[in-house]
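A.B. asks: Please find one structure pasted underneath; my questions will follow.
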Amino acid sequence: MTASYIRTFPEPVAKQSVGDLESCGGREETNSLDCFLATWRRLRRKMGVRNVLILGGVLSVATYVHSEPLVLINPISRANSQLPVLPSYQLDANIAHYLGPYGPRYTVPSKISSEIPKGCSVTMISILQRHGARYPTKGSGAGIDASLAKLRGVAAISEPSLKFISTFNYTYVADQLNDFGRKQSYISGQIIAKKYASLGTAKFVRAAQKDRIVESARWWKQGFQGGSFDVPITSLPQPDVSIIISDTSNNTLNVQTCVTAEAIDPAPGDIASGDWLGRFAPPVTKRLNQLLPGAGLNDNDTINLMSLCGFDTAARNGSASPWCGAFDQSVWRNNEYYYDLEKYYSKSYGSPYARSQGAGWVNELLSRLTNTPVEDYTTTNSTLDSNPATFPIGSSAPRIFADFSSDNNIAMILSALGILRDAKPLPPSGPIPSTSTQQFVVSKLVPFAGSTVVEKLSCPALPAKEYVRIIINDAVIPLTGLTPCGKQGATEGLCALDKFVESQAYAKAGGNWTTCLA
């Protein structure tokens, strides 16, 4: 099912729709040059060559003046520029990039070039990907429903940006993927197939056994294999392994066995994000109650309604939800920080257990990188990992591995790797750290369909011969926190394989897993 409502207000937050692009040939050209050329061809037909040459000079000058300066940040290789394009939300980046875990994956900028280093070649990749966009979970959906129910008693709405509320209706299938998420997963598979074509077509796909995660893996596999998107779900290929989720069974893609962490109530992340909500939301809630007399909203209602910007936009296949325009653009950075705090203190460096919970997957990664058996006593399933049919390694194994999981689990794994660690813990009471210094940002790390790719590279001309890079949502990650990787890791994101293994001493030692069982 999809969301349905009547749009009754202007869309200052949305990108131009196809209908608005008549000046660019009635379609959404990929860049200003495409738009210019389309305009040139159309004018030439209407005005004749001589007249259009005169106008062309003006257009050329206008195009030149309007162009932004080139910045050497994450340059796209010639090969990458031809890759399939992921679907996006038709929203201003100042909103789309501040939706926390409910925003879409986008190309995150990096100061390190994404080009494969000269003289190197990729010999293996290990992908860790979040499922595609989904509808709300049963729990968060109930909260959204309760907040929307308060709005049904509002009699008259005079504020233009809120008039849509009287006819707004949001229907969803709790916990499940929507079409936007399916497309994300499918195109992600296409991207990997094309970008890493040199690795061949053999791949090994695992997924935590949850419907939206398994379905994402299936769409990814369909896209990777070059299959059509226009097929019933029942015809999609299955993951090679679907790992059961249980509090009595180990699963590196959905850790449930850290008893101590699971028992904490309320969760530390809920406390930290609740602190921040109590600081930024009151004036937002007050404004809503003034414009919606009788609604009686509280701060929890505010964050629920803000979450509809991401959920509802995804349900509409990327078209902007009216909820994105119901709030001033200045509050969206606060929204992002709310989710940053929630995950930081429960699923990342702010938790005493999160890194240990992610250690098992890191040890599986080291096994794949070194072609040696898994050594771990934390969250790995020894039955699966000791069987070459369910955990292949060695010369006969595929060179493309893809694991599908959730945002919470991936956040724990990234912290176990020891990367992107903030110099100081994120302050629950603010102020929000600078965007140029804050490392742990949920929308950059684990958005819908967020992708972490660990590359193993062969570099015969370099001293160590074999190296490792980590790329998260197209951004090459500086390995600043991994001391053995040295200056090259910090400035180039490149770490000698043996030094990378050394840098993972925390995971190799099992983290502090014994505290999970206390």
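Glycine too: its Cβ is placed from the backbone N, Cα and C atoms.
Pulled these features from TrEMBL for this protein:
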ACT_SITE  HIS131  active site, nucleophile
ACT_SITE  ASP407  active site, proton donor
DISULFID  CYS120-CYS459  disulfide bond
DISULFID  CYS258-CYS516  disulfide bond
DISULFID  CYS309-CYS324  disulfide bond
DISULFID  CYS485-CYS495  disulfide bond
TRANSMEM  49-67  transmembrane segment
A.B. asks: How long is the line from the C-alpha of HIS131 (active site, nucleophile) to the C-alpha of CYS516 (disulfide bond), rounded to the nearest angstrom?
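C.D. replies: So the alpha carbons of HIS131 (active site, nucleophile) and CYS516 (disulfide bond) sit roughly 26 Å from each other.
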A.B. asks: Cβ distance under 8 Å to CYS309 (disulfide bond), same chain, sequence separation 6 or more: which residues?
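C.D. replies: Result: LEU91, ILE95, LEU99, TYR102, SER321, TRP323, CYS324, PHE327.
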A.B. asks: Which residues of the same chain, at least 6 positions away in sequence, have a Cβ lying under 8 Å from the Cβ of CYS258 (disulfide bond)?
C.D. replies: TYR353, SER356, GLN357, TRP513, CYS516
A.B. asks: What three-state class does DSSP give CYS459 (disulfide bond)?
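C.D. replies: For CYS459 (disulfide bond) - judged by DSSP and reduced to three states - the answer is strand.
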A.B. asks: Could you give the Cα-Cα distance between CYS495 (disulfide bond) and ASP407 (active site, proton donor), in whole Å?
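C.D. replies: Counting only the Cα atoms, the answer is 26 Å.
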A.B. asks: Per DSSP, to which secondary structure element type does CYS485 (disulfide bond) belong, with helix, strand and coil as the options?
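C.D. replies: It is helical.
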A.B. asks: CB neighbours of HIS131 (active site, nucleophile) within 10 A?
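C.D. replies: That number is 28.
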A.B. asks: In sequence order, which same-chain residues at least six apart have a C-beta under 8 angstroms from ASP407 (active site, proton donor)?
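C.D. replies: Those within reach of ASP407 (active site, proton donor), by Cβ under 8 Å and sequence separation of 6 or more, are PRO101, ARG130, LYS343, VAL442, VAL446, GLY450.
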A.B. asks: Can you tell which of the disulfide-bonded residues (CYS324, CYS459, CYS485, CYS495) has the fewest other C-beta atoms within 10 angstroms of its C-beta?
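C.D. replies: Result for the disulfide-bonded residues CYS324, CYS459, CYS485, CYS495: minimum number of other Cβ atoms within 10 Å at CYS459.
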A.B. asks: Does DSSP give HIS131 (active site, nucleophile) helix, strand or coil?
C.D. replies: coil
